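In what follows, a single structure is set out as structure tokens and then discussed.
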């Protein structure tokens, strides 16, 4: 076994390495700001540029520094349950213990073999859509993926922020590409001119150094636009189908078998589950997602149009009904599920006081206790 000092040094080195992609993106963005505002300095565009820039950096900051939400303490094994589980050496006996523990929890997904999903590292029964991140070394609620560009897990607590980060970073790159295009063209078409005439032809660009900033700014923004566009479109599709990246790779398994559309409630309800009910909060990276991340309504109540109904298919009891038979999950989740499952799509801003109370109780910094 390696000494604790060596493990500490290794962990410190890994932490520094994990921040390198974030530092790289930050430097690129800082340079782009300098190249556009100081060197290009198109006054008529600067107001719109700064609006997009602020929204982009705000969403990026929220994605990086919003801590992933971990399962509630109800999903963690008690000390006696841990001892009992360790004493059993047979898989079936352990599953019996886990089934007893999980019977009062809102858990409807299983492993592909039909077993209770259990994390050996965190010693907890995994909630639906929860996965263990090997980089963070903890279970993350509704984990989508671990993103090295934000040095954070993208999951239930910050998925809205991640979507806005993709949207505003794409808009930022497209805006720069569009407004910089005419000067980029002038640079290339003026190659045969003398230096003095070139400066005159570029309509007031300050010096020769500026044109290289403008040229590389155009190239960088164009290349990032292509990659961001494909990633943004893919995650828009995931939101519309209510899937995570992990669920798109491997369909979640329910009691009746694997179901790729198991959590899809229809386009509008899927969108509201991520962005919330009130339109005024959609464009801003503030927390407004519905639920608590530990339990989710399923398409067994509102079947996805693309999901075929097989003959003889007997769906398990729907979550909204089962949720009323015991005290878990907490009240904020039952309210959000009730609206998702039963209410017609509403894009109004009514019910402000009730929604503020719900958002306050659903705030990940207040509602979720970190695992011990």
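Yeah, the Cβs are placed from backbone N, Cα and C, and that goes for glycine too.
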Check each of the ranges 97-119, 120-142, 189-211, 212-234 against TrEMBL and return the one annotated as transmembrane segment.
212-234
Residues of the parent chain within Cβ reach of the transmembrane segment (161-185), under 8 Å, 6 or more residues beyond its termini
32, 36, 40, 42, 45, 48-49, 52-53, 55-56, 59-60, 62-63, 66, 144, 147, 150, 154, 202, 205, 211, 214-215, 217-218, 221-222, 224-225, 228-229, 231-232, 235-236, 239, 274-275, 283-285
Long-range environment of the transmembrane segment (42-61) - Cβ separation under 8 angstroms, sequence gap at least 6
25, 29, 33, 36, 150, 161, 164-165, 167-169, 171-172, 175-176, 179, 283-285
